[in-house]
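Per TrEMBL, the features are:
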type: ACT_SITE; residues: 439; note: active site
type: BINDING; residues: 250, 266, 287, 370, 371, 372, 373, 444, 459; note: ATP binding site
type: BINDING; residues: 287, 459; note: Mn(2+) binding site
type: DOMAIN; residues: 334-551; note: domain 'FAM20 C-terminal'
type: REGION; residues: 73-98; note: region 'Disordered'
């Protein structure tokens, strides 16, 4: 009996072993067949080009109105993002919400979004705690800013830059050093005949690499690898000197670093969500530190790259200004407020008094630091009066405000009668309208390049003052002249799409700034205003095209072709389906 029981147990164990082995073999066969099945994602280039093709010939104005209306219907808590309450699934939830918005909005390129890896964008070195505010397109590991900057429209091939098209000349290797006040020379370099400057050297300080990278066409290249180290310098490097910049209506300081770099400081004067008083005239408004920072980001997002890099920073009013300044006039204006905050007001035409003092909390002061351009002794700049300058009077109107055909006169006046100067100015007009800047009375260019160069978009402190009101008069140059670059229009159309929405891209970009750890640089109301104003710009272009068609049978005269190879690029590519 005992032998029979033992034999039966062996039989059962052997059966279980055979069954287990068979199951393992079956699972291995199934796993191999699944592993060998192709699982390729759609080509990022194809999906991008599909979007590009739609952007060429589509009339966006009516569709953008539907898009903006659908976006406005989404509950506020869906649109507003608070990084302090975002958990690890935040980007996924935001992407799901964005997918709902996409279905409601315009159908461009069948709503397909790009997939696949791309190089990560690091606009700045993050200082302190930063939240990732960038919503990510469905099926992609990229934020919207990364997806936008990897789009072919931002990466179109450009011709090589000739030596004469660089703003500053560099010293070749091996050439003997010449004694000159117009060269960047540190104490350690004196007597070193083998020293040389070149545009690719990592040994140069970030500010020098920025200066050497300025060309006839832009201040810095797209995805500039120097941008991270430059932002890091502006936001963290030790400040060795602080003096007040002469001229201007409001207080601003020139800050110097140990490596001879300099930056323009504009202090915080009002809270981010505080709107400009409606009873104030545009020329009576305060300059805002966050406006300078946001203007740099918006200029970069639009593909202009005509505003010097600007970064936020918490500055110690005592150790980084008062104790190190050699400006005796500035030093005399420091005082301690009744609540023990350290304040100062400097000397300027307006808003430099104890009533308009800038105060730390108690010593920390929020400020924007913008990279200084090369000294005028090295690169002379020419100042131009804007043809659409306002009267700066409480009762008097400018000529362009009274004459609807004013642009006809401008078009026949140098330098607007040839070249790109007129469309360059309209580019600046669109930037100003999007951020609500009414204070563009002059602009500058580098004299070396004559009339064939870009415009510098400087002094943007009075932007982003009101989110609740759009100022249509800012768009008058576009409305009267009916002229716009093809590339500018394509960028605007791209930023109107749900997967690249302007407000989302700006939110993502601004979240990389050091001051984001204190509070978002722009409120959600200001970000929403960007989307609303973008609709208005596209409407204005469509009205211009319709007006041209009614007069001449076609609306092509509105578009200044600066991307002639664009249609050829798209034409021979089969869009992804």
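Note that Cβ sites are derived from N, Cα and C of the backbone, with glycine treated the same way.
Automatic, uncurated: that is what TrEMBL annotation is.
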Field: Rounded Cα-Cα span from residue 287 (ATP binding site) to residue 439 (active site), Å
entry: 10
Task: Indicate the candidate from 371, 373 with the smallest number of other Cβ atoms within 10 Å of its Cβ, considering only these binding-site residues.
output: 373
Query: Just how spread out is the ATP site if you go by the largest Cα to Cα distance in Å among 250, 266, 287, 370, 371, 372, 373, 444, 459?
result: 20
Task: Enter the number of other CB atoms within 10 angstroms of the CB of residue 459 (ATP binding site).
output: 23
